[in-house]
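Contents: one structure, followed by commentary.
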Amino acid sequence: MDTTIGSVPTASDAPAPAAATAPREATLGRHLARRLAEVGARDVFTVPGDFNLTLLDELEAEAGHGGVRLVGCCNELNAAYAADGYARARGGGVGACAVTFTVGGLSAINAVAGAFSENLPVVCIVGGPNSNDYGSNRILHHTIGLPDFTQELRCFQTVTCYQAVVNNLEDAHEQIDAAISTAIKESKPVYISISCNLPSIPHPTFSRHPVPFFLSPRLSNQMNLEASVETAAAFLNKAVKPVLVGGPRMRVAKACKSFVELADACGYPVAVMPSAKGLVPEHHPRFIGTYWGAVSTPFCAEIVESADAYIFAGPIFNDYSSVGYSLLLKKEKTIIVQPDRVVIGHGPAFGCVLMKDFLHALSARLKKNTAAYENYRRIYVPPGEPPLSEPGEPLRVNVLFQHIQKMLSANSAVIAETGDSWFNCQKLKLPEGCGYEFQMQYGSIGWSVGATLGYAQAAKDKRVIACIGDGSFQVTAQEVSTMLRWGQKSIIFLINNGGYTIEVEIHDGPYNVIKNWNYTGVVEAFHNGEGKCYTAKVRTEEELKEAIEEAQGPKKDCLCFIEVIVHKDDTSKELLEWGSRVSAANSRPPNPQ
């Protein structure tokens, strides 16, 4: 037998050694299942297609051996949204989806791009062409009709941090391990394409007990860390009324505990940017709410923007979070702490400094200063209660969210869809332990339906409360059927106001009016007598109370879908203000040439 590396094996020597050295379960597909389970992705959201069927067989075969479960979804976009939600429920852990070549992958890519923007390690697995077809100049189905199989790969290169095309067994284990470990290290999605004829083939490299993942820890440069802390402490300790604001990149930096440690030590008032809601405990004694410029929690913007120094941990200043670039902040007063970099004012900047190390070290160097928080206490006026509804009066949105507030506990999680729910859910006061998620950077309408499926699948100890607009729901509605299939107990509030309300406030037009559905009827059709389901259509506060009592009482073990019918003009004042400013930013004329 020729043992030269790279030689082509003969028919006589190829099968026997593999069978002798590799047990039946040592296949590529089972190896992938074990690796996903090892990093916590025990549910894989799937849509079958002819290129991934053998792979799904192998993933399924490992289910009884500590592997993964396959959660069949209605389409690939929703499967990837579910993987996004699953990763969020695990605190930025790994989520996974498995789809077919090109028609599946390019359907999923929108959700993968959203996960990339939100720094979530989603593993997108694609069943690819037969390994013998590479380089054959053949034209395959599910392609654009060219003998080039790289179109899907090229599309994924811009929205993933690593791409592995597995079309031979010799280095398959290395490519898979490199992809998964890179997703964890970078906290970004990765793409793995596996040739459709390989998943069930045993190979010696797929040992029953693979070497556990070991990721080298990232470390701060100690000299830069010390210099940055010393400079920041001097900057903040001379300030009269400094403030502390948390941003969304604290999650990817694993710095939430260090942020709270700093908040406890410094005495500053603590605010969050809108996309960081849920990352900072709102029961903290000096928590003052959401800083979102002109649409901030009452009295929060006044304190932040009047401060003479502010430290932002992990911020993202885009047009949405800055309300059309209208924040009244001055760079010379700002310390920006990113996951591995600190910038103080206009400079200096310190690289190779991890956020969690910086916040931890800074907490020991700051003088306690409660001046800004005392100012907040002096001006703060508790919010009023919505006026009582008259019997039979049409339900108002602020009354709806007053009742949702009462439903929240440590055993619940809120998912807010893009739109008016962004603004109404920001006003909710989260109890300790209550989860909260929304997709602000990417803002893809329909995200929340798949994300609710994935979050609930991962967080069995929480009941998800999803607030979804009618326009968004129409994009991805069918995944409610998967929630029913898997016995999930989420509560979905479908807010029916007859259109794309957030688009109306940015730029109105007849295209923002949608066809009204019988939404409870749609969900009942999905139910079709299988699983546990409760639906209600409410138009008044009395009907809402009854529906919530049912959802939390006799129907607590059911998926509960409550359609809330409100007037199309019943929008939050925050959305009106935000929409006008974002519209102005979008309408700026071109710069002179």
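Every residue gets a Cβ built from N, Cα and C, even glycine.
What you see is a predicted model, and the numbers here were worked out from it, not measured in a lab.
Marked as region 'Disordered' by TrEMBL: 1-24.
Under the heading compositional bias 'Low complexity', TrEMBL lists 9-24.
Taken together, the residues of the domain 'Thiamine pyrophosphate enzyme N-terminal TPP-binding' (27-141) have an average pLDDT of 95. Look at TrEMBL and you will find 27-141 tagged as domain 'Thiamine pyrophosphate enzyme N-terminal TPP-binding'.
Secondary structure counts, DSSP: the domain 'Thiamine pyrophosphate enzyme central' (229-347) has 38 helix, 24 strand, 57 coil. Per TrEMBL, domain 'Thiamine pyrophosphate enzyme central' is recorded for 229-347.
Residue counts for the domain 'Thiamine pyrophosphate enzyme TPP-binding' (439-564) under DSSP, helix first, then strand, then coil, are 58 helix, 28 strand, 40 coil. TrEMBL lists 439-564 with the feature domain 'Thiamine pyrophosphate enzyme TPP-binding'.
Every protein chain considered, the tally of other Cβ atoms within 10 Å of the Cβ of Asp470 (Mg(2+) binding site) stands at 24. Per TrEMBL, Mg(2+) binding site is recorded for Asp470, Asn497, Gly499.
With DSSP classes pooled into helix, strand and coil, the tally for the domain 'Thiamine pyrophosphate enzyme N-terminal TPP-binding' (27-141) is 53 helix, 22 strand, 40 coil. Counted within 10 Å of its Cβ, the other Cβ atoms near Gly499 (Mg(2+) binding site) come to 20, all protein chains included. The Mg(2+) site is defined by Asp470, Asn497, Gly499, and by the 8 Å test on Cβ atoms against their centroid, the other residues of the chain that qualify are Gly469, Gly471, Ile495, Asn496, Gly498, Tyr500, Thr501, Ile514, Lys568.
Around the Cβ of Asn497 (Mg(2+) binding site), 21 further Cβ atoms fall within 10 Å across all displayed protein chains.
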